[in-house]
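Have a look at the structure below, then the notes.
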Number of protein chains: 2
Amino acid sequence: MRTGIATVCLSGTLKEKMQACAIAGFDGIEIFEPDLVTSPLPPEDVRKMAADLGLTLDLYQPFRDFDSVSGDLLTANLRRAEAKFKLMARLGMDTILVCSNVATASIDSDDLRAEQLGQLAALAGDHGVKVAYEALAWGKYVSDYEHAHKLVEAVDHPNLGTCLDSFHILSRNWDTAPIEAFSPDKIFFVQVADAPKLSMDVLSWSRHYRVFPGEGQFDLAKFMGHVVRAGYSGPVSLEIFNDVFRQSDVERTAVDAMRSLIWLEEQSAKWLDAASDAGTGTGAAGTPAPGRRRYPMELATLPQVAEPAGYNFAEVRAADTQGLETVLGQLGFEFNGRHRTKDVQLWSMGHARVIINEAAPADGDGATGDASPAIAALGFDVASPVIAAARAQQLKAPAVPRKSQANEEVFQGFAAPDSTEIFLCQGTSDGTAAWTSEFGEGLENPTAGPTAVIDHVNLAQPWQHFDEAVLFYTSALALEPQPFAEVPSPTGLVRSQVMATGDRAVRLVLNLAPLNQQRKTYQEHIAFAVDDLVATARDCRARGLEFLQIPANYYEDLDARFGLAPDFLATLQELNLLYDRDADGEFLHFYTATVGSVFFEMVERCGAYDGYGAPNAPVRHAVQYDHLQHR
Amino acid sequence: MRTGIATVCLSGTLKEKMQACAIAGFDGIEIFEPDLVTSPLPPEDVRKMAADLGLTLDLYQPFRDFDSVSGDLLTANLRRAEAKFKLMARLGMDTILVCSNVATASIDSDDLRAEQLGQLAALAGDHGVKVAYEALAWGKYVSDYEHAHKLVEAVDHPNLGTCLDSFHILSRNWDTAPIEAFSPDKIFFVQVADAPKLSMDVLSWSRHYRVFPGEGQFDLAKFMGHVVRAGYSGPVSLEIFNDVFRQSDVERTAVDAMRSLIWLEEQSAKWLDAASDAGTGTGAAGTPAPGRRRYPMELATLPQVAEPAGYNFAEVRAADTQGLETVLGQLGFEFNGRHRTKDVQLWSMGHARVIINEAAPADGDGATGDASPAIAALGFDVASPVIAAARAQQLKAPAVPRKSQANEEVFQGFAAPDSTEIFLCQGTSDGTAAWTSEFGEGLENPTAGPTAVIDHVNLAQPWQHFDEAVLFYTSALALEPQPFAEVPSPTGLVRSQVMATGDRAVRLVLNLAPLNQQRKTYQEHIAFAVDDLVATARDCRARGLEFLQIPANYYEDLDARFGLAPDFLATLQELNLLYDRDADGEFLHFYTATVGSVFFEMVERCGAYDGYGAPNAPVRHAVQYDHLQHR
């Protein structure tokens, strides 16, 4: 698959954008006209730079408001077009995007449109230019891609084809199957964009909220499947208008973009294989459509991995580890000793393993001191760390080095978008981890303590990298995004995106903290699941644990909402436990006080309860805020 | 008018919110239930604190999903309600908001609803509680305020009335005139919220984008006019769900909120007076409705001011003034000397006056050095500075002290939300300013130089205070917000809000810079209008001015778009002039290089052109960005 990206997706100057696209590995780019108009580079220099960078210049865009106009305006539009065709010759470009008229269309006649597009195609032919005509979702008369294609067929000129943009098609819920019947000679260009499903006017949606494939909710694999089956083999190019990407680091956004196309390529191949197996498609009636290898577009695949089987460990980094050690001990964790060569400690409780790394956190925290504990790494159990790491690297996940000695297990690791280190570990069927033998020489091995596992981990995401993180965990770690939630806190709304495996063995919560409270001051946490939370809480209390103090008002409200048995309610209040219930089951949990910017949670899931106690999250935020104010 | 505000409008804890409301001068508050549930304060302490702060506790809210349910659920809902009624007794509160059912309504029958609301009213009566029933705009069966009112009338119980929320009414475009026919005894509460007119689902719109009155586009004066005419005299209370206010400084947001009610009160009085003059209303046929003084709600007014007649001066502050002096001189400004007692210089060109204040800018700029020039103050010509200042102070604009000696003009000044100082000056019919005589002792007074005026000033607004700034300039300075624009820059979209007088003598542009580029690094500017820009540019060039260099690609595109005469186009390009044209006229302009975080623009308006060359703004941003990268 030939990969492309429109320069409008990225921040910076045209030069910076081109360089970033080359570094990220794109085959070609679309020149978004304002990027050229505002650039000091002459067109000839742009052409040479692209050639030197190994980038093809695939599409000049956009040319607006051409069709359905009166005669005078047509003359002016053709003059305007010719100026751009001449410019394209200097750029060495041969395809221009012409989108359906929004602003100046005044005559609604397909015959007239065809005649006008025919004139444009003839002029383009004189200049060796191909016109890719696209139906904008909000075009005045032409807003449907099949309509645009019919006009292209009516004109039937070798220099006129159509451009298919997934946003304009999927935002309107058009059926994409008819694409298969298009002649590949008439599809001049394909643009892909994803988007969250929002209920708002389509123009604002398009201009601000597009995201890279895999970061939204459109079925792009199906769209691409139909495009491939039509026989198209040209560039598949990203055109993403997004307020955040416009202001993020250009090289990093380009990598995020490239990752999305690599992922989309794989998903498209899978869709084609599945559709072929199911015998759907446009083959002769009853004949299964041929597999993807039969089409002109070649689709590369990636090393295949299953979703992770669970958390292997979580690692907290701190220069001063005293507070962490105290809390873990009070929670019931056992100290399993220090590593034989590294400055790290292992603590465990059942299969929940926490590593304390005795080093300052990587990104210094001015507010609470560099020594302040922070979540630094997560280990996941996968079937084959080598294959999973190869997949992650093909998806351009940055590898992180981890020093190891002979006879020590080598972890495959890479950095998540928020810089948390992700390690791929060899899972075992009994939930143990071989590397633990590297710890605690001279210590007795832990005897069977209380059963516990890591239930979920909450990580704060920088606002510039939230969408990137969703795609990262989806593509590299095979986690599935769950429905989005918003939680009020005293300092703003916290947007919360759960990523999880189908069996919920791994639950990872990505929190987008309010802008005034980004990573450095936002609190992250690790939650452990136990079988009997009340007993666990009593044990913790006996060991002197400092619980997050829940206000009495909460228990009154809980009683009003659920009508709990008085004894049970009294127990909850006595132990600072929080409670939630839904149609699937019940949830009990409590929080520790915060150590640095980390705290811990203990949970008990009853029945098939699948949530996180969201109604209780505002209480937790408010109490933590109150503590922060008064410490 | 009794003023109120719901605690959900503000950031912080319940205690912090209450304190901020008292400081801002509110009469009462609505307790938003989650603020109480998450608070460590027992209800009795909340009651006492409110009394001590002089705040009434006007409304407990929200009680959700009561009506239109099956029998079992009704029993549970009544039990839940009774728990809240008992809680309210401890808080000393007597009114609760019950909103129409969204989640659990299953039976669509007005008879059933009336019966169920009747049971609730009876129970409420037993506890001395009044139920204010509100139609949510997205209520499952009840979404229209007239429907809610009909149910209230059908039940006809002294403990059941309605709550009117302007958002739920105006977001659905309901006619507000029928409110006048409501019995005031049945209107238990009135909530006001403004909002920008957005085309999106009403729930998301409501939960994230509400703003304080005067910051959006709803006709709240009319809504309030009908409410007053109905005879309502209870609290008028703000209920604003806004993502930004939730994370802004609580005391400051409370003042912004209070300002909005003071302004709304005045606007409502004006609407009533105008409607009374026009003879509209519900008086007997043909009889003019009585003026506002005849209704139970008393509406205070403010000192009345006309819109400002023009800019009196702009002030730039810098520790090192050399760069500024050079650029102003090259632009054609004359140095009019230093002030006789202060460390400031006066520069003028026609009626355009620039003061250079020889002091470091107030908010230090780490990126470009504290000495870096920045726009610090703006002077506006008003009919009466004393009256205008009194109005601004009643609108809670913070006064700024300006030292003055005997025999010097005393400026009335206050701080805008972005901390720019705004001074109210005595305008003169000939455009001169008396205070200029305090400058340049021993210098000859300037002779008539080229005619020039300050055309507009662009100020960068911190993201937390953008909406606040719109209300501030609307209410305190009588500027009118114009339609909103967005300009792409290499580091993100710049949102641009023009505030202007009807005659355009004052144009002030509020720019919301991208998040990664807030006030400290964002560039602001002052634009001067002249009669002959080409001649001015030639003069400036002869004086050695460094123009912002416009790329050749821009002129090619300009030619493609407008088909300009070759000589004219060559002149534009030779002088780095930018050009725009619309149906009303033409616009020529150029920019200087940046000095610190300030640059200057020269413009010529031809015909009735009313814009700012918006199509050229991306060019300006891109070139400035390029310079920043390479300096």
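Positions of Cβ are set from backbone N, Cα and C atoms, glycine also.
Annotated in TrEMBL:
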type    : residues                               : note
BINDING : A:Glu134, A:Asp165, A:Gln191, A:Glu239 : divalent metal cation binding site
BINDING : A:His456, A:His525, A:Glu601           : Mg(2+) binding site
DOMAIN  : A:453-593                              : domain 'VOC'
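Sequence features annotated in TrEMBL and their locations in the structure.
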residue: A:Glu134; record: divalent metal cation binding site; contacts (Cβ under 8 Å, 6+ apart): A:Leu97, A:Val98, A:Cys99, A:Ser100, A:Tyr145, A:Ala148, A:Thr162, A:Cys163, A:Leu164, A:Asp165, A:His168
residue: A:Gln191; record: divalent metal cation binding site; contacts (Cβ under 8 Å, 6+ apart): A:Ala6, A:Glu30, A:Cys163, A:Leu164, A:Asp165, A:Ser166, A:Phe167, A:Ser237, A:Leu238, A:Glu239
residue: A:His456; record: Mg(2+) binding site; contacts (Cβ under 8 Å, 6+ apart): A:Val498, A:Arg507, A:Leu508, A:Val509, A:Ala527, A:Tyr612
residue: A:His525; record: Mg(2+) binding site; contacts (Cβ under 8 Å, 6+ apart): A:Ile375, A:Val457, A:Asn458, A:Tyr591, A:Val598, A:Phe599, A:Phe600, A:Glu601
- [ ] Across all the protein chains here, work out how many other Cβ atoms are within 10 Å of the Cβ of A:Asp165 (divalent metal cation binding site).
- [x] 26
Open item on the list: If I take every residue in the domain 'VOC' (A:453-593) and average their pLDDT values, what number comes out?
Closed with: 94
Task: Sorted by sequence, non-A:Glu134, A:Asp165, A:Gln191, A:Glu239 residues with Cβ within 8 Å of centre, divalent metal cation - done: A:Leu97, A:Cys163, A:Leu164, A:Ser166, A:Phe167, A:His168, A:Phe189, A:Val190, A:Val192, A:Ala193, A:Ser237
Open item on the list: What is the set of residues, excluding A:His456, A:His525, A:Glu601, whose C-beta falls within 8 angstroms of the centroid of the C-beta atoms at the Mg(2+) site?
Closed with: A:Asp455, A:Val457, A:Asn458, A:Val509, A:Ile526, A:Ala527, A:Phe528, A:Phe599, A:Phe600, A:Val603, A:Tyr612
Open item on the list: Among A:Glu239, A:Glu601, the binding-site residues in question, whose Cβ has the most other Cβ atoms within 10 Å in this structure?
Closed with: A:Glu239
Open item on the list: Per DSSP, what is the helix/strand/coil residue tally across the domain 'VOC' (A:453-593)?
Closed with: 49 helix, 51 strand, 41 coil
TODO: Please classify the secondary structure at A:Glu239 (divalent metal cation binding site) using three-state DSSP.
DONE: coil
